[in-house]
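The transit peptide annotation in Swiss-Prot covers 1-30, and the record cites sequence analysis as its basis. Residues or ranges marked as domain 'Helicase ATP-binding' by Swiss-Prot on the basis of sequence analysis: 182-322. What Swiss-Prot lists as ATP binding site is G195, P196, T197, N198, S199, G200, K201, T202. For 341-506, the entry in Swiss-Prot reads domain 'Helicase C-terminal'. Residues or ranges marked as region 'Disordered' by Swiss-Prot: 678-741, 764-794. What Swiss-Prot records for 689-704 is compositional bias 'Basic and acidic residues'.
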Amino acid sequence: MRRCAWPLLRLSSRVGLALRHGGAVRLRQAAASSSSSSSGGGGLRAPDTSLFVPVPLKPVEGAAEEDVGAELTRPLDKGEVLKNLNKFYKRKEIQRLGTENGLDARLFHQAFISFRKYIMESSSVSADLHIILNDICCGAGHVDDLFPFFLRHAKQIFPMLDCMDDLRKISDLRLPPNWYPEARAIQRKIIFHAGPTNSGKTYHAIQRFLSAKSGIYCGPLKLLAHEIFQKSNAANVPCDLVTGEERVYASEDAKQASHIACTIEMCSTNTPYEVAVIDEIQMIRDPARGWAWTRALLGLCAEEIHVCGEGAAIDLVTELMYTTGEEVEVRNYKRLTPLTVLDYALESLDNLQPGDCIVCFSKNDIYSVSRQIEARGLECAVIYGSLPPGTKLEQAKKFNDPNDPCKILVATDAIGMGLNLCIKRIIFNSIVKPTVNEKGEKEIDSITTSQALQIAGRAGRFGSSFKQGEVTAMHRDDLLQLKEILSEAVPPVKAAGLHPTPEQIEMFAYHLPDATLSNLIDIFVSLSQVDGLYFVCNIDDFKFLADMIQHIPLNLRSRYVFCTAPLNRKEPFVCTTLLKFARQFSRNEPLTFDWLCRHTKWPLAPPKNIKELVHLEAVHDVFDLYLWLSYRFMDMFPDAALVRDIQKKLDDIIQIGVCNITKLIRASQSGAAPGAAEVMSEGFPLSRTKRDARTVSDHRDAKSAEPLSIALEVPGERRAKSLRTYRSATRQEDLKSHGRGSLANRLLREGLLTQEMLRQLESEWQDQHRSGRYGLASKRNDQSSSKEMGKKKK
């Protein structure tokens, strides 16, 4: 220990001498040997130090070994030590030197607090530090001599300071093409099939896929991958299906076929193919999943890559391929059937026709519209995002069947891709929907031109019974805005998504072994550098799961896999199940079929209300989660085949519920299910934004009391007008669908309210909304009248 003390003693004396006689300029040279790296390189942005979490450093308790410093000098006077430490902290030269060594004001303060606490609470300190502190207290040294010890302590609690250059190199995302050496080793031919929905662009790419000796199809949805899987095998081209949850072999002996249809996240960048097809390439800009399209485009090892999607992505794909030295051939396609935007809105559900599809952007609207259609004696199919793929296909089959009495479809934008539907007319119930901005915050905004065209293009599909498609809106005011949206050019795709790889996170963890996975990701994104062609995808879902399972002891690779699980974090039951999966996994206890059945209470009965239907959908997601994990940890999730069997049975149960959805809605709204109102409010009207801090229950209470008055800050006159229109329409629908709910019925039964009074209340409610008062004007009138009365009394 004594031999180790002298180098720092000599260095500290040089530091003190430099500060006292040469200032900060000479001090930089003196301290150079104590700093292995600096936090900021030339021209690099400063890291976000608020993400740097200090590593706890416990004070030395008890004399584990003899106190050499006290033997060489004398015991320290802690009072004098504290005074001199505070002097050290206030020295401007020390603060400036800390900045040059990567300690900004925040880190400097945190490091000093930890340094002072360590010295004051330790029963003994290292011999070299003890000698320096003793010299300072005796007047033989200067407080500046503490800087090397302070910097050493700072690097112990902030280990990233000592490896900032390495961390910057690891998180440098400016050359993604270099991540795929196998693809760079061959000269690939890129063919871009550009065109609108229903133009045949994907058909031509698939024909080349089928004629190739080997090929891979990469799609955004399991439904699309399954469709290509079936088409390929039907054409006598053996094709395997690979999704996150399963692998289906074309041959009975489970031998890998030369063709593969997969979801895009599952494509291999190491296997060589003759032809690759990347579908819906415009999703390369998606804030959450865009990285998967970037990875496929840059990394697929195929002689020919056929890219299908909107023409808005042509320029970006061309620029990306320029960086790889590959040229892009563009083939443009036009729509095969005409699509007409009608000059009149639907205005009433009484005007529905066979082949109509009403598009809603919330579950609440789905439920409301479905019940109103049923009240008119019509049957309707229902499709929304959280339904299992099998149920979606069954509902689509029911709607497409010319012999089925179901001629109306009520759906969300989930119909935009993945389903073949015989739709004559698309009717937008609204033109606003929830969106996620660049910061990961949810906002309410008008649908984009790309979204509107994707949905509208489902009408009049080529080969269906309707030779042309029609598009309109539910409300007259929305139709004007819809026409404007559809007439605008789709803005070009400007950047491609990127996501840190497991290898990059592992290298980060090597340098920062005490950091949490969530903190590692934050620091990675903070230090990452991307050029103008790329952006880092939103990682909020990943961080949410990382924080949720942080307390469970898992190795980094397993923890990373659990955090990439595809689940909806808004579903508490699914999140809780993932937590239980991770906990049992950490104990090295296999998650068996029996365990899963006990957890999900299988077997399950058909739903009696909406709340039970939503729970069944969550259970289906849990089965998906089990299958997804079984694909990655086969030994720990051994019963995938059994789970897949009961998942098919659950599909049938959910299908029964969806077929009777109007009965479930009635049961929920009549109060048959406790808590059903909360489920119904899941898709609350879109006038609620992230700026409205009220809870769902507050929203429900407000609906029963008075109309909502929520100020929306949406840029643009068109958006503001469309939001006002939608809010008005939503309230009218709420009046029709909820106004005669349990409270109204009770008042009618008790004789406190008549039908005429109820109609008058509805009329007054709508009039109040149109005037924009919502009780505010009456309140002001009451205040002014009370003042006048007060004056008269005086």
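Think of each number as a place in line: the chain as shown, counted from 1.
Every residue, even glycine, has its Cβ placed from backbone N, Cα and C.
T197 (ATP binding site) has a Cβ environment of 20 other Cβ atoms inside 10 Å. Other Cβ atoms within 10 Å of the Cβ of S199 (ATP binding site), summed over all protein chains shown, number 20. DSSP states for the domain 'Helicase ATP-binding' (182-322), grouped as helix (H, G, I), strand (E, B) and coil, give 57 helix, 36 strand, 48 coil.
A Cβ within 8 Å of the Cβ centre of G195, P196, T197, N198, S199, G200, K201, T202, the residues given for ATP, is found for these other residues of the same chain: Y333, R335, L336, G457. Mean pLDDT, taken over the domain 'Helicase C-terminal' (341-506), works out to 90 on the 0 to 100 scale. The binding-site residues listed here are N198, T202; among them, T202 has the most other Cβ atoms within 10 Å of its own Cβ. Each of the binding-site residues G195, P196, G200 was scored by how many other Cβ atoms lie within 10 Å of its Cβ, and the smallest score goes to G200. Note on K201 (ATP binding site): other Cβ atoms within 10 Å of its Cβ, all shown chains, come to 25.
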